[in-house]
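Record features, source Swiss-Prot:
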type	residues	note
REGION	1-84	region 'Domain I, interacts with DnaA modulators'
REGION	84-131	region 'Domain II'
REGION	132-348	region 'Domain III, AAA+ region'
BINDING	176, 178, 179, 180	ATP binding site
REGION	349-468	region 'Domain IV, binds dsDNA'
């Protein structure tokens with residue numbers, strides 16, 4: 001009963017939730033129904049708290065729908081569903097024993113032995129594992145926001161249960177959004193939990209260079225042993241494998257060996273796996289075997305939080321209105337924000353002047369002028385029209401077909417996000433529409449970005465194009 005009831009609930013939740021959310025939070029849950037109590041087992045405290053906070057009402061609604069007045073009590077626990085007691089083995093007769101002992105040795109197959117995370121990997125004497133994990137990048141100095149929330153949650157779960165949570169974990173998004181920080185944070189957390197763990201971080205080009213050197217020095221077997229003996233392999237910018245057939249071939253076999261051994265793989269890219277050109281389909285397919293999560297450009301609140309955190313790290317007081325002023329004007333990525341703040345702080349140190357909005361405007365005048373020149377409502381309209389292969393006139397027209405209305409709503413939302421224009425000004429620029437129409441468009445796109453992978457991708461792509 002517990003399995004069928006929870007299976008029904010899961011099927012409905014899968015229909016209602018975005019695929020990434022369902023895979024990350026609901027799929028790992030196990031259920032047991034006992035004495036009219038349905039216990040849901042979560043793999044760790046983080047998942048338990050998240051599910052209880054975000055999905056409790058939905059689960060209770062479905063239980064009431066399926067059970068009516070006999071709705072079971074709902075409990076949450078960290079752990080796994082208790083295993084059923086094994087059935088007693090049948091009594092073996094002397095004839096059975098004799099038959100087994102007389103069977104040919106090759107037919108007495110051994111079960112494959114898989115490496116578990118708690119096993120101590122045998123050290124390879126002739127290979128010195130170079131971690132390359134940056135100790136400065138930790139989870140506690142990664143600023144969380146809606147744009148990176150799922151990626152951060154997945155990274156934490158992998159760090160808590162490497163090889164067993166999501167394998168591989170594939171993070172993708174534009175430059176400077178925090179993917180590399182998360183890779184290092186996972187590596188640091190794994191080593192903190194298990195100091196003798198072999199964790200290797202590298203850029204994909206380093207993998208290629210190592211393989212070329214191994215081939216030149218007739219040391220390809222050592223190369224294979226090195227990469228296949230790690231506990232966690234963290235590879236940045238996997239898209240640089242494009243058109244490198246020999247490297248892809250070797251990585252394909254390394255990937256398979258690590259997964260078979262329950263060794264963790266985390267990959268990052270600037271685009272969704274299937275969109276990486278020049279990479280074999282069999283590799284792209286494997287990239288999606290675990291969990292694939294988008295890291296999006298930070299929204300305004302996250303940009304402000306990043307600036308405040310970085311200023312605190314520099315022991316600099318940054319007024320809220322100053323942080324908001326910078327964050328409102330620099331939108332593309334975290335790296336750009338940090339660079340701008342470093343420039344402001346350096347100017348303040350050189351001149352001894354307090355950091356005010358006027359001072360920031362002066363210190364960043366060329367950067368701000370470039371940004372304002374690049375992102376205008378006119379530019380947004382042209383970019384969106386080109387992206388969706390429609391005319392700018394369509395965006396300004398009264399047409400309501402979805403092929404026009406959705407791009408129009410996206411363009412309005414982008415204008416609100418990327419410019420300093422008011423809602424009435426944006427509405428006026430879109431064929432004289434009312435400000436309430438613009439507000440509705442912004443809210444609709446925000447909702448669709450949560451529900452639709454395609455809309456989320458389109459929005460991120462347009463942000464990157466307009467901010468680059």
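Just so it is clear, glycine is given a Cβ too, placed from its N, Cα and C backbone atoms.
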Sparsest-packed of the listed binding-site residues (176, 178) - C-beta count within 10 angstroms: 176
Nonlocal residues around residue 180 (ATP binding site), in sequence order (Cβ under 8 Å, 6 or more apart): 137, 236, 268
Neighbourhood of residue 179 (ATP binding site), C-beta criterion under 8 angstroms, separation at least six: 151, 171, 172, 173, 236, 268, 295
DSSP helix/strand/coil residue counts for the region 'Domain I, interacts with DnaA modulators' (1-84): 48 helix, 17 strand, 19 coil
Summary of DSSP states over the region 'Domain IV, binds dsDNA' (349-468), given as helix, strand and coil counts: 93 helix, 0 strand, 27 coil
